[in-house]
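The next block holds one structure in the form of structure tokens; read it before the comments.
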Amino acid sequence: MIWSIDEGRDTRPEGVDEDGIPDPAYAASLGLVPAPIGRRIAATLVDAAVYALLALPLVIGASPRIVSLLTGAVSWYGFVNHPDFVLTLVFTAASVVLTLAFTIVQLVLHGRKGVTLGKALTGLRTVNVATLASPGFGRVLLRGVVLYASSIVPVVGPALFLASPLMDRTGRRRGWLDLVGRTWLVDATNGLDPYDVKRMRIARKTVSADPIAEQQVLPSLATPVQHGAPVAYQPGARVSAGVLGVARPHAPGEQQTVGIASSQAAQPSAPAPQQPTPSAPYRPGELSGMPDVPPVPSSPFATPSGVPSAPQLAQAGQPSVGVPTASPVAPQQVPQQAPVAPQQWQAPQAPVVPPTPPLAQPVPQPAPAQPPVAQPPAAQAPVAQAPVAQPPAAPAPAAPSVPDATIVPSQLHADDDDEDLGATRIVRPRALVLELDDGARIQLGGRVLIGRNPTLQPGEAGTLVPIPDDTRSVSKTHVAIDVEGGTIQVIDRHSTNGTAIVHGGKETRLVGGVPTRAEVGDTVLLGDRRAVISRG
């Protein structure tokens, strides 16, 4: 047998503490407003005027003879046998029956609907102070009995009970009759009508619902518009391989910033020059630790380092295959061209003699190695002298084989990096969404029809979004939301329970078929369902 312990459910109504004392702040959060003193007095005067009107037959037709009987001017025999005795009975019966019927109607309406004739005309409602529902016939009857008993002290007694709301220090204007019947008189004109079941249910859900958590604002990856503005994230430069975040070789002592950048390192620095200047010739051996070799021409028609060209192999009597040479071959003289200013770098002024032979020599050469012949600076052909339209006149001087580690990618593709550093990524605005009270999110765009089972009208185009509703407070095609050019319009499709928009705490009821503009952050009320317009 499985034993279960029923801890019991909390049957206390909302807004009541453990001691059964109602919380005024809860009622105020629902939108209930205490009844003003002026309209309370007006409602009492209206009810009293009706009672006085119903008593007129008794006062006019029967009171003179009744006064004569009570004062002894007429005996019982004379009173009964008076010619106007029947008329006196008719007037008296009419006043009593009408007054009694009106009193019963007043008590029933007051107990079930919280209104009397005077309260209905002045827009006041009586509710149970704990449940904020109808007070009930018993409590209203108790109020009437106490008020009638106060007439023991004529005029003064009823006047004190009716003026007691002025003595309430809580600000809710509850009088002695309200304390006896545990009731509260509220203003249904300027505040929430507690007998509007739909709006009361929505108000209770709004107060008891958990607040929607604000979305965390992530740092933007866009390039700052103003120069010197701090950057939240700075991605690494893109190398020729197209890999984002791989740092390029940089000068000694230079620290390249990748990732989250500080305010000091947020400003991107100019890329380091990838080609040596004429004053400081570039020597590959300085980076790789290998012997110095002649520089590689930047022309796209030049052969790779370590692979001799076909004319050079032909002069050496070797087959045209990609076999490294044992030693540098004397470069062939290039015909003199018109002197042109060097674009990138100049050849070294003195001959370069390798101190040691290369490390790897797969095939020995049949001919003895010839040392390089020194050439005067005037005989050296500057790089990139040939015009664009003329093909290369002669191949560049061959160089001994160099390991792959000495070839840096930034030397071969330095121009690719400079084009990507100035690019700015455009961040698209986040899409508009409608977030329902159950957490579901509906993306807005164009026309979106929402309901229990939405349908399109003939010739209408749009997106149908059905939403579940067990209470059936949402119509089949309840509302249409149009989004065009950043403008949001909500159209009620003549729903049964209507549609409302809450903007800045103010609720606006929509007219069926009339577009109403909404903004991001507004709340749309669909029957008992709630939805918030936000950006996803």
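In case you wondered, yes, glycine gets a Cβ from its N, Cα and C as well.
For reference, TrEMBL has these:
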COMPBIAS  1-15  compositional bias 'Basic and acidic residues'
REGION    1-21  region 'Disordered'
TRANSMEM  49-79  transmembrane segment
TRANSMEM  85-109  transmembrane segment
TRANSMEM  145-167  transmembrane segment
REGION    251-404  region 'Disordered'
COMPBIAS  270-281  compositional bias 'Pro residues'
COMPBIAS  323-350  compositional bias 'Low complexity'
COMPBIAS  351-375  compositional bias 'Pro residues'
COMPBIAS  376-388  compositional bias 'Low complexity'
COMPBIAS  389-400  compositional bias 'Pro residues'
DOMAIN    448-501  domain 'FHA'
Counts of helix, strand and coil residues, the domain 'FHA' (448-501), according to DSSP: 0 helix, 23 strand, 31 coil
Chain residues in Cβ proximity to the transmembrane segment (145-167) (below 8 Å; excluding those fewer than six residues from its ends, i.e. six or more beyond): 37, 40, 44, 173-178, 180, 185
Residues of the parent chain within Cβ reach of the transmembrane segment (49-79), under 8 Å, 6 or more residues beyond its termini: 85, 87-92, 94-96, 98-99, 102, 117
Mean of pLDDT values spanning the domain 'FHA' (448-501): 90
